[in-house]
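Below is one structure, written out as structure tokens; comments come after it.
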């Protein structure tokens, strides 16, 4: 028992070096000169990222500058990182980027602390966009025990883990799962995306990470793959404090005469404890050509296509709920569960089988216009993700039933406070300012920072929902209009908005 514990401890010392390695990538898309406006803006952006990340729950993005001097920045600390670890990782990553990429207009770092972080900046808009390069990957030097016959079967099932991670109701929470490789050994899997990307982009990024790791590093005792939008890791021991139900190995017993195998491992530890195999993608010309061709076809074809039927809307199938499930969750849409009545249908509170509270918008079956708003809202919200926008969890389209399933926001809408003589006094100046700031952030995201430019066209107090901490969440995108990213004017064919 004692020798096994020592082997386990030494094994952990060797593989823990994976998470301690700082990694960054300097893009070759352009340079700037010292003391230029861009250089000053980059410094301001990086300072802003460092000072705002912990106050914003571990994720923050910002933009500073105009024209060619504009700098876009994003920072994200992985789940389970305390405020101190997050701040330390971000500051370390920024210092590394400043030193390693002194005049590059774009760079990214995955940090170097026990819990990784992502820090990146660029002279181009990248928020919410799928980016599969660069990739950082690493693997442990130990070879996977061939007796773990369940490994291939478990690995092939990671696609389901990817799906769960990409459609999580809280994007700041990771997908952390365990699987039994044998009666005495578990496998620990971690996946997480940056909160600015949509579920479909998150899914694609994680799947590419899994595929890349399998192609480069299969057969080793754990490892990781990281891209600008997501991270993936698996190991034979718990890490990042993400598996609280698992007890970490006990400290080793004092062994007077360890077996020769342990001696070998100890020597190996001294020589390899700091070794980590880092694999960075350097695409070949053929691969780049294929990627450019695919992106070109996608970018040029997609705007020309019209959505002729609901099946053409790009939504992951796993978002679709069965009508029977929602009917049960809302107690057959009882009046006791009714939260309100909107322009195109009623809203109900529901409780899913796992205990999650939801809000269900049931569009009126006799409203032809309601079907248009339904398709529009699902199509837009499926591509949006911001803390000041209500989150769409899914939809249901069965027969004449059209349902939209949202996160449940407990404090109802802003108008319920404004027009209620008793609740009105709850809105002191601090809360009012917080709500105003949240609305402004949500609108800024829709107009500038999202992957689409969207004009809401029906912004009013009843469409501003308030969560348990009185954070504003913009809702009801049925009237929203999609704009081109560089478009500043448009002519409406009809009057939009509701009372």
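Each residue, glycine too, has its Cβ placed from N, Cα and C.
Unlike curated records, TrEMBL annotations are generated automatically.
As annotated by TrEMBL, signal peptide applies to 1-23.
Taken from TrEMBL, the feature domain 'Gnk2-homologous' applies to 20-126 (among others).
For 132-239 (among others), the entry in TrEMBL reads domain 'Gnk2-homologous'.
Residues annotated as transmembrane segment in TrEMBL: 277-300.
Among the features that TrEMBL reports, domain 'Protein kinase' is placed at 333-499. For the domain 'Protein kinase' (333-499), the model gives a mean pLDDT of 77.
The feature ATP binding site is assigned by TrEMBL to 361.
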Notebook entry, point to check: Can you count the other CB atoms that lie within 10 A of the CB of residue 361 (ATP binding site)?
Noted result: 26
Checklist line | Tally of residues which DSSP labels helix, strand or coil - the domain 'Gnk2-homologous' (20-126) | finding: 40 helix, 27 strand, 40 coil
